[in-house]
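Here the structure is laid out as structure tokens; the discussion comes afterwards.
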């Protein structure tokens, strides 16, 4: 690796230091993140087993939930192994291309998760505001098309970011003050003009997260208007009950997402706090999503009980 005046030309490796300022305790912090990852993987794998097997769950909402579960598994796999290797074994080195690959998968999966939440909001909108046309609007072809559009949008837009980083050649450091390869954390290493990278990062973030959040809010404004026009209190409560799980998942995803997004670019949050919160933003929603939907849905609860308790009793 060439070094000129403390600069690096086309570095082949980078160093991830984990949580700066908390290196002495990040070994123990790793156990809490490990538990979160285990819960996320177990919960989402169970969803992917139950939803295809249970015919009553072959509905748009639960098909989208299965895609969300697969996305959450991908996020855990993309971030957890290297992060835990840093925390527990001091394995900080990573090739530059592997870092860009991790950056792509993490942000693309985030974009997919946002798009699936939008699709789920649209499903709730049609189910409540136009229930008689629900099955005719959300046909299997439309569902597959929506999932493909969400995936392609995320991959194409996020794919621009590592391509723009690859055009940079001169870096003032190869040490990334983070526990995973995040776009702005990598861009800040460059010793060249990175205004294009920063601008594109903002545009991609707003194009995906901003667009989705606006249309989810519009969907729920229309949903609430339709619900409040219902005359029977029981009907209003039933309609609200079908949305509560999605509203909770939507709020925890976007609140954490925008805090992480803006604090890294414009805020003055201490690096340990930012890194902890951005890691929580990536790992906690995948752990909470199956719990929230599992608690709300009787069929999922019943099948989980059968998987864990009835199988255990039959073995005894």
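Backbone N, Cα and C atoms are what each Cβ position is placed from, and that goes for glycine too.
So that you can see what the record holds, here are the features copied from TrEMBL:
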- 43-293: domain 'G-protein coupled receptors family 1 profile' (DOMAIN)
- 25-50: transmembrane segment (TRANSMEM)
- 62-80: transmembrane segment (TRANSMEM)
- 141-165: transmembrane segment (TRANSMEM)
- 202-227: transmembrane segment (TRANSMEM)
- 239-262: transmembrane segment (TRANSMEM)
- 274-293: transmembrane segment (TRANSMEM)
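Across 25-50, 62-80, 202-227, 239-262, 274-293, stretch 202-227 shows the highest tally of CB pairs under 8 A with the transmembrane segment (141-165). Residues 18-19, 57, 65-66, 69-70, 72-73, 76, 80, 83-84, 86-88, 179, 276, 279, 283-284, 286-287, 289-291, 293-294, 299-300, 303-304, 307 of the same chain lie 6 or more positions beyond the ends of the transmembrane segment (25-50) yet place their CB under 8 Å from a CB of it. Beyond the transmembrane segment (62-80), the same-chain residues lying 6 or more positions past its ends with a Cβ under 8 Å from any Cβ of the stretch are 33-34, 37, 40-41, 43-45, 47-48, 51-52, 102, 105-106, 109-110, 112-113, 116-117, 119-120, 123, 143, 147, 180, 279, 282-283, 285-286, 289-290, 293.
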